[in-house]
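Got a structure here, written out as structure tokens. Questions coming.
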Amino acid sequence: MKLIAQKKSVFFYLLFFIILSIAKGMGMDSGDMAFILIGLFSGVFLLTHVLSQGYTRRELVIIFIFVTLGIVTLIFSKKITVLITIIAIVFAKNIPLNRLIEVVFKFKILTFIVTIILSLLGIIENNKSFRFMENGDVITRYSLGFPHANVTYLNFFIIVLLYLYIYYDKVKLRNYVVILFLSMLLYKITDSRTGIISVIISLIIPIVLKNKKIIKNAITRKIIIFLPVICGGFSVFSGIYYSSGNLVLQKINQALTGRIELASKFLSLYKIKPFGQVIIEGSNLNGSYLRIDNGYISLLLAYGIVSFIVFIILETKLLKKYMLDERYREILLIVSFLIYGITEVYIYNIFVNISLIFLCELLYKPVSDERYLST
């Protein structure tokens with residue numbers, strides 16, 4: 001009976017997580033009414049899981065502190081992303097994370113393929129956007145059924161990462177070749193530069209992690225452990241000092257298709273506050289169309305310096321733990337998303353950055369599939 005009850009509890013949590021992962025994968029914004037309604041619906045499944053678990057006093061205190069932080073950021077930012085991410089993490093007790101990732105992977109592939117097929121058949125719209133080049137050329141970008149071409153490549157990037165995680169010890173050269181071919185094909189359709197660069201980086205990371213000489217190097221290990229500090233620090237530093245006219249930052253900004261310049265504009269428009277504020281994006285502010293395309297800057301400005309520091313500390317602590325335990329495939333996911341966060345805002349959204357689910361292991365003991373099946 002205990003095993004059956006535990007299986008049901010895990011099933012309800014997986015259902016909650018999958019529903020919101022699919023919704024986010026389709027490009028729904030956390031502030032959209034549709035996403036909020038879906039969140040409330042899936043929240044019933046999460047509540048069923050939560051009520052079936054027992055919690056120690058220490059766990060309850062930590063849950064209270066972090067959920068309170070999430071609620072405070074919601075009040076100040078008017079956005080639910082950090083709160084719902086915290087809820088998903090702190091209530092992931094007795095969840096076999098490998099099983100969760102495998103299920104999300106399968107549903108990601110299914111929804112990705114179905115969306116593209118429906119788009120090609122004309123059942124759902126194949127949205128177009130245009131990139132205007134300096135030489136006067138205009139590049140048409142196709143979304144293949146997703147809201148935007150970048151969202152299309154984001155979903156592909158996540159699928160690639162989850163594939164590399166699940167088959168970490170089995171990936172061969174031919175698998176890399178196939179992934180690169182599909183990446184180039186999708187790039188030709190979507191013209192998502194940051195997307196293809198992120199995929200290429202994610203293919204390089206396992207090679208580094210599997211090289212014993214490199215991974216045992218003290219400098220390499222320090223860089224990996226403190227990557228959250230490096231990425232977060234670079235994002236803030238480059239945004240603050242970009243206006244000084246530094247040539248190196250200008251070159252990097254050009255390579256990142258103007259993202260540092262955008263971060264600089266937001267940092268000049270908004271002050272850094274403890275628990276965040278309402279950030280206006282996609283509007284003509286000061287004559288410019290502005291959107292934060294950096295997860296660290298978005299987290300810092302919209303959700304506050306407290307959330308920013310907590311994120312950096314917890315991710316660093318988790319990487320240190322995994323490095324000591326030699327859990328390199330988990331490190332692969334975390335590092336890939338940390339780097340991706342320099343170019344996109346999704347780093348603090350658990351239904352995009354699924355590596356955030358590993359943070360629950362700082363609160364609860366890891367649950368293996370074997371324990372889940374035999375308890």
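Each residue, glycine too, has its Cβ placed from N, Cα and C.
Straight from TrEMBL, here's the annotation block:
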TRANSMEM  33-52  transmembrane segment
TRANSMEM  59-76  transmembrane segment
TRANSMEM  82-100  transmembrane segment
TRANSMEM  107-124  transmembrane segment
TRANSMEM  144-166  transmembrane segment
TRANSMEM  173-189  transmembrane segment
TRANSMEM  195-211  transmembrane segment
TRANSMEM  223-242  transmembrane segment
TRANSMEM  296-319  transmembrane segment
TRANSMEM  331-364  transmembrane segment
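Explain the structural surroundings of these features, please.
Note on the transmembrane segment (82-100): residues 6, 9-10, 13-14, 16-17, 20, 30, 39, 46, 49-50, 53, 55, 59, 62-63, 66-67, 69-71, 73-74, 299, 303, 307, 348-351, 356-361, 363-364, 366-369, 371-372 of its chain, located 6 or more positions outside it, place their CB under 8 angstroms from a CB of the stretch.
Residues 18, 21-22, 25-26, 143-146, 155-156, 158-159, 162 of the same chain lie 6 or more positions beyond the ends of the transmembrane segment (107-124) yet place their CB under 8 Å from a CB of it.
Outside the transmembrane segment (144-166), and at least 6 residues removed from its termini, the chain residues within Cβ reach (under 8 Å) are 25-27, 101-102, 104-105, 108-109, 111-112, 115-116, 118-120, 124-127, 129, 179, 182-183, 186-187, 189-192, 194-196, 198-199, 202-203, 206, 329-330, 332-333, 336-337, 340, 344, 346, 352, 354.
Below 8 angstroms of C-beta separation, residues 150, 153-154, 156-157, 160-161, 164, 168, 171, 176, 179-180, 183-184, 186-187, 220, 328-329, 331-332, 335-336, 339-340, 343 of the same chain, each at least six residues beyond the ends of the transmembrane segment (195-211), sit close to that stretch.
Tertiary neighbourhood of the transmembrane segment (223-242): same-chain residues 249-250, 252-253, 260-261, 263-264, 266-267, 294-297, 300, 308, 311-312, 315-316, 319-320, 323, 331, 335, 338-339, 341-342, selected by CB-CB distance under 8 Å and a gap of 6+ residues from either end.
Within the chain, the transmembrane segment (331-364) has long-range Cβ neighbours (under 8 A, six or more residues past its boundaries) at 17, 20-21, 23-25, 30, 59, 62, 81-82, 84-85, 88-90, 92-95, 97, 100-101, 104, 150, 154, 157-158, 161-162, 164-165, 168, 194, 197-198, 201-202, 205-206, 209, 224, 227-228, 231, 234-235, 256, 259, 292-296, 298-299, 303, 307, 311, 314-315, 317-319, 321-323.
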Rank 33-52, 59-76, 173-189 by Cβ pairs under 8 Å to the transmembrane segment (296-319) and hand me the top one.
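Top-ranked stretch among 33-52, 59-76, 173-189: 59-76.
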